Amino acid sequence: MAIRSLFSGNRKKKEDGQEKAFPEGLMTKCPECRHIQLTKELEKNHKVCTKCSHHFKMTAQERVDYFLDEGSFVSMDDHLQTSNPLNFPAYVEKISADQEKTGLNEAVLTGVGTLDGEEIVVAIMDSHFRMGSMGSVVGEKITRAVEKATELGVPFIIFTASGGARMQEGVLSLMQMAKTSVALKRHSDQGLLFISILTHPTTGGVSASFASVGDINIAEPQALIGFAGRRVIEETVREKLPNDFQTAEFLLEHGQLDAIFPRKDLRKQVSLLVKMHTKGGVQHV
């Protein structure tokens with residue numbers, strides 16, 4: 001018997017046992033537990049891992065579809081366009097690429113809709129667009145959305161997901177922290193509700209401004225929420241930080257959040273909060 005024939009059978013078995021390639025997009029691997037699941041099942045579960053309950057990032061449109069009453073959402077200010085005030089190299093091209101990729105004009109989607117029949121104004125940040133960073137258009141859209149809620153006399157709800165202020169716009173991006181906060185103060189002065197829902201990740205200037213000043217601050221499980229990065233803080237204070245530092249659970253334990261709701265319960269719980277703070281209230285809780 002030829003030596004080659006001793007190995008040919010093993011090779012054939014190996015070739016027969018090779019994993020078949022799945023069509024692109026059919027399966028999704030969880031980054032937390034490595035479980036591979038059907039993308040359709042993941043989406044049906046509101047992009048929460050069916051094994052470990054890891055919350056995947058959602059697009060702004062996915063949150064609209066999940067959170068608001070079907071067909072009720074009317075978007076605002078889709079015409080606003082970012083300029084390049086500092087002539088930052090390739091900035092305009094990157095914005096255009098993200099617009100094409102996401103279908104959004106900027107890193108936040110704003111508009112009016114209803115939640116179980118109650119009219120609200122929402123702003124939903126999308127980390128797929130420039131990592132949800134806040135530039136002048138993002139700040140302007142959020143400010144206009146708050147002002148619309150104040151004008152209508154309805155609650156304002158924001159879903160935050162951001163890497164912070166957008167460096168390509170310099171001080172103009174930092175100004176949005178103050179501008180949005182002033183609009184929210186006027187909204188509050190009218191006795192109107194503001195609910196901030198912090199999702200993964202909410203950091204930098206966004207966490208230091210409108211994201212943290214809600215009448216009710218809620219987060220999704222395990223969301224990263226903080227200002228500066230862990231390494232920067234550890235080098236500054238010269239101490240080792242807890243493993244769960246800057247997680248939603250850590251912030252809840254230390255009084256910086258009012259509640260953490262898993263995504264499957266979020267709509268119901270926020271709807272209840274809105275009804276409790278709306279004229280007429282709820283009959284039975």
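Just so you know, glycine gets a Cβ as well, placed from its N, Cα and C.
Looking at 30-52, 99-121, the range tied to zinc finger in Swiss-Prot is 30-52. Per-residue pLDDT, averaged across the zinc finger (30-52), gives 95.
Residues of the same chain lying 6 or more positions beyond the ends of the zinc finger (30-52) and with a Cβ under 8 Å from any Cβ of it are 58, 62, 66, 262-264.
Those same-chain residues not listed among Cys30, Cys33, Cys49, Cys52 yet with C-beta within 8 angstroms of the centroid of the Zn(2+) site C-beta atoms are Pro31, Glu32, Arg34, His35, Thr50, Lys51, Ser53, His54. According to DSSP, the zinc finger (30-52) comprises 6 helix, 4 strand, 13 coil.
In sequence order, Cys49, Lys51, Cys52, His54 are the residues near Cys33 (Zn(2+) binding site), counting only same-chain partners six or more apart with C-beta under 8 A.
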